[in-house]
Amino acid sequence: MASHPIARSPVDRLPADWRDFLALTKPRVMTLVVFTALCGLLAARVPIHPVIAFTAILCVALGAGAAGALNQWYEADLDAAMRRTARRPLPAGRMDRQAALHFGVGLAAFSVLLMGLAVNVLAAAILAVSILFYVMIYTVWLKRRTPQNIVIGGAAGAFPPLIGWAAATGRVEALPVLLFALIFLWTPPHFWALSLFVRSDYANAGVPMMPVVAGTRATRIQVFLYSLPMAAAAVAPWALGLTGVLYGVTAVALTAAFLALAAQVSLSRETDPALMRPERRLFGYSVFYLFAMFAVLVVDRMVIA
Ligand code: HEM
Ligand SMILES: CC(C)=CCC/C(C)=C/CC/C(C)=C/COP(=O)(O)OP(=O)(O)O
């Protein structure tokens with residue numbers, strides 16, 4: 001048992017323990033990554049051995065965790081400057097950077113190799129691309145340079161349904177490409193809604209997020225503008241006959257609510273982050289929305305279409 005209360009305090013706990021390594025993988029964000037990969041795999045509707053399916057999803061979780069760890073390894077300085085992220089293991093001083101680097105590289109290599117050996121090479125290749133995209137393109141290259149960072153870099157988070165589908169079929173087809181487009185176009189409203197009410201954090205850290213560079217008015221309009229092509233990507237699987245009516249009707253209803261919330265954001269003039277209710281509502285809804293869209297897609301494809 002820990003003998004001294006100070007040695008176990010959340011800030012000074014050293015050396016790092018399993019909770020810190022878990023935090024390095026950004027487990028909350030990973031839930032949606034894993035869920036969309038699983039839905040991509042199930043929506044393919046091909047027989048796949050449960051052990052292979054489990055291994056594929058495990059590899060996505062490990063790969064996404066590795067990418068999260070390498071992201072935190074690279075940007076410990078930024079995380080230290082932001083209230084939301086200052087208690088992460090590296091900025092809080094609970095872990096040294098070498099440990100995070102080794103953990104991230106080891107986990108990334110393991111996840112891609114296991115996917116290649118146990119599942120198939122295409123799924124492994126897309127997993128490798130998504131890890132590299134998140135770490136190299138988003139974290140290292142774009143995040144500190146341009147307010148378009150998340151538009152381009154957000155592609156990393158859109159790959160999981162493609163990986164799930166490729167794991168099941170060994171191919172890339174129209175439906176998973178539309179699912180990629182849905183997440184890709186969902187990411188700007190998802191993230192800019194949040195960044196509007198944590199704007200001061202990014203400004204303090206010197207990160208050129210859209211609200212910091214272009215202002216709240218322009219960001220609110222862009223949130224709405226990106227929601228429009230996102231809505232098209234959301235209903236396209238039904239319009240193209242790739243899903244049944246259950247998905248179609250639900251997608252229209254859920255997406256209409258998304259557009260209504262995005263429209264409220266675009267009309268808001270609130271300047272106090274504590275009072276930015278439309279932004280908070282849209283951010284919360286965006287996470288629910290993606291979960292619900294993918295869940296209904298699977299039910300539709302497995303039961304109805
Ligand atoms: C470059 C693109 C993205 C950026 C910059 C971004 C950023 C963020 C941030 C800063 C949070 C706040 C909470 C936290 O730190 O955990 C968050 C929450 C979240 N994000 Fe994203 N996100 C992006 C894309 C995605 C994608 C592609 C997914 C999954 C498909 C996703 C899933 C989630 C989920 C599930 C949460 C809620 C976590 C919670 O409950 O706290 N995000 N995102
Ligand atoms: C399969 C695979 C590799 C998937 C991983 C891709 C993934 C989850 C991408 C989402 C990008 C994301 C959560 C960015 C967070 O932004 P940030 O890093 O700027 O957030 P922070 O400010 O919280 O660090």
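From the backbone N, Cα and C atoms, a Cβ is placed for every residue, glycine too.
Annotated features in TrEMBL:
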- 29-46: transmembrane segment (TRANSMEM)
- 52-74: transmembrane segment (TRANSMEM)
- 95-115: transmembrane segment (TRANSMEM)
- 121-142: transmembrane segment (TRANSMEM)
- 149-168: transmembrane segment (TRANSMEM)
- 174-198: transmembrane segment (TRANSMEM)
- 219-239: transmembrane segment (TRANSMEM)
- 245-262: transmembrane segment (TRANSMEM)
- 282-304: transmembrane segment (TRANSMEM)
Non-local residues, at least 6 beyond the ends, that sit with Cβ under 8 Å of the transmembrane segment (282-304): 32, 35-36, 39, 42-43, 45, 161, 179, 182-183, 186, 189-190, 193-194, 197, 223, 234, 237, 243-247, 250-251, 254-255, 257-258, 261-262, 264-265
Spatial neighbours of the transmembrane segment (52-74) far in sequence, C-beta under 8 Å, 6+ residues away: 21, 24-27, 29-30, 33-34, 37-38, 41, 88-90, 97, 100-101, 103-108, 110-112, 114-115, 118-119, 123-124, 127-128, 130-131, 134-135, 138-140, 156, 160, 163-164, 167-168
For the transmembrane segment (121-142): best-contacting stretch of 29-46, 95-115, 149-168, by Cβ pairs under 8 Å: 149-168
